[in-house]
Amino acid sequence: MTISDIGSQATTHTPVKASKADALKTPAHRSETDARFEEDARDLHRILPASRKVYIEGSRPDIQVPMREITLDPTPIQGVSESEWEQNPPFYVYDTSGVYTDPNAAIDLTKGLPKLREGWIDERGDTEQLAGLSSSYGLARARDISTANLRFAHIDKPRRAKAVDGKVGNVTQLHYARRGIITPEMEYIAIRETQKQHELTDMRQHEGETFGAHTPAIITPEFVRSEVAAGRAIIPNNINHPESEPMIIGRNFLVKINANIGNSALGSSIDEEVSKMTWATRWGADNIMDLSTGNHIHETREWLIRNSPVPIGTVPIYQALEKVDGVAEDLTWEIFRDTLIEQAEQGVDYFTIHAGVLLEYVPLTAGRLTGIVSRGGSIMAQWCMFHNKESFLYTHFEDICEIMKQYDVAFSLGDGLRPGCLQDANDEAQFGELRTLGELTQVAWKHDVQVMIEGPGHVAMNRIKENMDLQLEVCADAPFYTLGPLTTDIAPGYDHITSAIGAAMIGWFGTAMLCYVTPKEHLGLPNKKDVKDGIITYKIAAHAADLAKGHPGAQARDNALSKARFEFRWDDQFNLALDPDTAREFHDETLPKDAHKTAHFCSMCGPKFCSMKITQNVREYAKGLNAQ
């Protein structure tokens with residue numbers, strides 16, 4: 001199949017066949033929050049200016065890949081009649097917002113999103129629908145009358161891989177890829193990653209420094225398959241999360257970003273977390289991690305998964321700890337195993353598992369300035385020291401693989417010993433754990449389970465590349481997923497900036513996904529504004545990394561915006577920006593009138609000192625001289 005076959009047809013599409021009467025609803029017990037949810041619905045349905053949702057059809061009608069089409073104004077051709085214009089073609093951008101930004105879709109959070117992948121999963125014929133939940137805790141929650149008013153009402157029976165010859169079945173995208181199968185998910189991703197580049201008129205781009213990465217000019221379904229088969233990329237798509245739109249994480253693809261949300265014992269609610277999730281995906285979050293540690297973790301997660309168009313990750317040890325009333329020493333393999341099954345049956349797409357925290361590494365943290373800062377890492381370190389043996393995450397790792405391959409849950413192997421300050425970076429504990437994660441990666445791959453590796457943390461700029469180089473070496477090119485890293489510790493309230501500096505660098509060096517940091521990092525639970533600020537900051541970092549790598553087509557949006565800037569097409573400048581609302585707001589603070597949107601100056605320079613206007617005059621003068 002050629003690229004024209006993959007993504008030549010753009011259509012508007014109505015993926016939700018609900019009527020407008022099915023407006024956004026909230027749980028009946030929460031009527032007091034109706035107004036806020038309706039406000040959220042208006043925010044989500046409000047299409048960005050000059051934009052429309054389009055769907056690119058693949059090789060079959062049920063492959064409809066969403067993108068945002070930005071319409072651009074024409075450019076007046078200088079020196080000729082005012083009726084002469086240069087047409088600027090529409091620009092297409094990657095879109096993570098799901099049907100929430102489709103004006104034709106009726107959104108009902110109580111019913112969840114359409115099951116985009118259900119048909120693909122079903123047609124493979126290697127899964128079965130269970131009679132009911134098989135997790136003891138899941139069953140107990142379903143019978144708990146006290147939480148009935150919190151529960152998502154439309155829960156399907158879970159799917160699981162069919163057994164093969166008496167052995168546990170395998171339905172991972174890695175399993176298919178290694179058998180030469182190109183799944184609909186892989187074709188969907190190829191269209192999504194390519195972003196209609198074959199229609200771009202300006203592909204001028206500086207050569208990047210790839211540090212060994214290799215991305216072809218056009219990403220094909222076969223390239224996606226080969227990268228997944230090699231373990232260099234993952235497609236986090238649990239079979240029980242059919243609502244999710246396929247995406248890929250790997251250093252030969254666009255750098256992705258993850259947004260952390262979740263309640264705590266001190267704040268937030270199910271409504272607020274769902275609102276944060278939809279808000280984060282609107283602004284570009286490729287993945288969401290639910291890090292809830294407060295009340296109703298099970299119910300919160302169900303609402304998030306059923307309404308999320310992007311993969312959802314969790315740290316299962318958090319909920320397991322809740323089940324033993326916060327006493328880490330009381331954790332057992334049986335409790336953790338049941339938690340994994342509970343979450344896999346809900347549809348969690350990837351688990352952070354801190355299996356690399358070994359007993360021998362814990363004493364190495366004694367001399368650290370900030371000790372063990374990972375919540376999961378500290379929990380497992382406490383368990384190991386109390387019981388004086390290796391954690392059940394490590395000793396039962398193959399059992400965990402057996403569970404995950406039945407649902408296609410990917411590993412995000414957690415860096416439980418990551419540094420919490422610059423002083424502790426790149427020490428023996430951190431790198432010892434990383435080497436162990438490399439060994440566990442090979443075990444997971446033996447089971448055809450997808451793996452990515454988590455990384456730091458707090459690292460000075462001159463020490464960042466050492467992290468990337470070692471990860472590639474000991475983890476055999478498995479995707480790296482890092483929290484920043486923060487490049488200085490002196491800026492609480494601005495750690496979205498301190499970390500974005502490190503994120504841009506490590507993304508350039510080869511990290512596949514960046515975990516965002518909000519301005520509230522180290523200070524408190526982020527609200528919706530903080531979530532947006534973190535997302536936009538990390539979209540900048542990820543894009544800067546793509547540019548530095550020379551990712552094909554990465555510079556096209558920069559070129560389009562720069563052209564609009566030089567031609568004083570103010571509306572196009574706003575609309576091509578990562579955050580059109582803020583760009584327009586800042587411009588209009590001093591030049592609010594409609595006439596100012598065609599002015600050949602801004603309030604920075606005024607009408608007489610605009611360098612771009614002067615440059616245009618110089619060019620016109622030069623043309624006149626040449627004509628003579």
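Even glycines carry a Cβ here, placed using N, Cα and C.
The annotation substrate binding site is assigned in Swiss-Prot to Asn260, Met289, Tyr318, His354, Ser374, Arg375, Gly376, Asp415, Gly416, Leu417, Arg418, Glu454, Tyr481. The Cβ neighbour count for Gly376 (substrate binding site), using a 10 Å radius and every protein chain shown, is 23. The DSSP secondary structure for Gly376 (substrate binding site) is helix.
The annotation Zn(2+) binding site is assigned in Swiss-Prot to His458, His522 on the grounds of sequence analysis. Under DSSP, His458 (Zn(2+) binding site) is assigned to a strand (E or B) in the three-state scheme. For His458 (Zn(2+) binding site), other Cβ atoms within 10 Å of its Cβ number 25.
Summarising the annotation, Swiss-Prot assigns [4Fe-4S] cluster binding site to Cys602, Cys605, Cys610.
Taken from Swiss-Prot, the feature compositional bias 'Polar residues' applies to 1-14.
Residues or ranges marked as compositional bias 'Basic and acidic residues' by Swiss-Prot: 19-37.
The region 'Disordered' feature in Swiss-Prot is assigned to 1-37.
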Reduced DSSP assignment, Gly416 (substrate binding site): coil
Residue among the binding-site residues Tyr318, Tyr481 whose Cβ has the most other Cβ atoms within 10 Å: Tyr481
His522 (Zn(2+) binding site) versus Gly376 (substrate binding site) - Cα distance in angstrom: 16
Cα-to-Cα gap, Tyr318 (substrate binding site) vs His522 (Zn(2+) binding site), nearest whole Å: 19
Cβ neighbours of Ser374 (substrate binding site) where a neighbour is any other Cβ within 10 Å: 24
Least surrounded among the binding-site residues, given as Arg418, His522, when other CB atoms within 10 Å are counted: His522
Count of other CB atoms lying within 10 Å of the CB belonging to Gly416 (substrate binding site): 32
For substrate, whose listed binding residues are Asn260, Met289, Tyr318, His354, Ser374, Arg375, Gly376, Asp415, Gly416, Leu417, Arg418, Glu454, Tyr481, the greatest C-alpha pairwise distance in Å: 20
